[in-house]
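**Student:** So TrEMBL lists these for the protein:
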type	residues	note
DOMAIN	31-240	domain 'TLC'
TRANSMEM	41-61	transmembrane segment
TRANSMEM	81-99	transmembrane segment
TRANSMEM	111-128	transmembrane segment
TRANSMEM	134-154	transmembrane segment
TRANSMEM	166-188	transmembrane segment
TRANSMEM	208-230	transmembrane segment
REGION	243-288	region 'Disordered'
COMPBIAS	248-259	compositional bias 'Basic residues'
COMPBIAS	268-277	compositional bias 'Polar residues'
Amino acid sequence: MLVAIIIHAIIQEYVLDKINRKMHFSKTKHSKFNESGQLSAFYLFSCVWGTSILVSENYISDPTSLWRDYPHTLIPFQMKFFYILQLAYWFHAFPELYFQKTKKEDIFRQIVYIGLYLFHIAGAYLLNLTHLGLVLLVLHYFVEFLFHISRLFYFSDEKYQKGFSLWAVLFVLGRLLTLILSVLTFGFGLARAEDQQLNFSTGNFNILAVRISVLASICMTQAFMMWKFINFQLRRWREHSSSQPQSVKKKFVSAKGKTSRKERENGINGTVTSNGADSPRNRKDKSS
């Protein structure tokens with residue numbers, strides 16, 4: 001936990017603060033930029049490390065390793081250290097709410113956000129579901145890294161929107177893949193295991209009640225994330241649609257105010273026309 005705080009301070013002081021001084025962000029953008037900067041660095045590091053573990057242990061080439069030989073009590077040192085680092089980082093996020101001077105209206109959202117991470121990471125470690133937990137974490141971290149790196153580019157140039165479009169597609173695919181892997185593990189793999197008795201000494205929690213509870217918690221979390229995602233996309237769509245009529249109206253007013261030379265010559269907007277029949281000289285000749 002102390003190491004996480006030190007690394008957090010180094011990234012903040014030597015990277016993010018220097019960029020903030022150059023870009024001159026507002027207070028709101030300053031806070032969001034710092035959040036995305038810290039999380040993108042952590043997600044990238046965790047993705048690379050987690051992927052290296054998955055490749056070295058052949059978890060990707062053999063999906064049955066997610067539930068085969070359960071309980072997974074004998075895990076490699078680097079995987080155990082990976083989980084310890086994950087728990088340390090998210091525990092350190094609580095005091096960071098104070099040090100970063102988080103707004104009162106954002107504290108509850110951040111606590112829920114941090115609590116969900118701690119709940120699922122600690123649950124996977126304590127229930128000896130480390131193989132499945134590692135795969136789901138790497139998948140989730142990759143999608144979140146793409147979102148925060150896109151937001152960093154957006155703060156530097158608000159015209160940059162392509163990253164959010166790619167993130168939206170991968171977010172939905174990530175939620176779908178998470179549900180598929182969870183259902184396969186709990187509904188197919190562990191449900192067909194021979195040993196389905198609760199045993200604390202061996203770390204076996206493969207019973208029906210635990211499988212249903214864990215699968216339900218995963219499904220509820222994915223549903224909650226999709227609900228937040230849909231609200232986010234609807235808000236962006238409303239902001240985009242509300243800004244379009246204003247821009248069109250401004251263009252229309254400016255185009256209406258600037259008359260062409262031909263229109264001025266034809267008497268548009270009260271100007272004098274050049275028609276010989278209506279000129280002052282011809283009117284005088286008519287009157288005479």
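Here the Cβ of each residue, glycine as well, is placed from N, Cα and C on the backbone.
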**Student:** I need to check the long-range neighbours of the transmembrane segment (166-188): which residues 6 or more away from its ends have a CB within less than 8 Å of a CB in the stretch?
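**Tutor:** Distant contacts of the transmembrane segment (166-188): 63, 66-67, 129, 132, 135-136, 139-140, 142-143, 146-147, 150, 211-212, 214-215, 218-219, 222, 225-226, 229, 233.
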**Student:** Sort out the residues at least 6 away from either end of the transmembrane segment (111-128), same chain, that have Cβ-Cβ distances under 8 Å to it, and list them.
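**Tutor:** Distal contacts: 70-73, 83, 86-87, 90-91, 93-94, 97, 134, 136-137, 203-205, 210, 214, 217-218, 221.
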**Student:** Thinking of Cβ pairs under 8 Å, which stretch from 81-99, 134-154, 208-230 has the most of them with the transmembrane segment (41-61)?
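**Tutor:** By the under-8 Å Cβ criterion, the transmembrane segment (41-61) pairs most with 134-154.
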**Student:** Quick one: average pLDDT across the domain 'TLC' (31-240), no decimals.
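**Tutor:** Across the residues of the domain 'TLC' (31-240) the model's pLDDT averages 90 on the 0 to 100 scale.
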**Student:** Under an 8 Å Cβ to Cβ limit, what residues of the same chain, 6 or more beyond the ends of the transmembrane segment (208-230), are close to it?
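**Tutor:** For the transmembrane segment (208-230), the nonlocal Cβ contacts are 116, 119-120, 123, 127, 129, 168, 171-172, 175, 178-179, 182-183, 186-187, 190-191, 196, 198.
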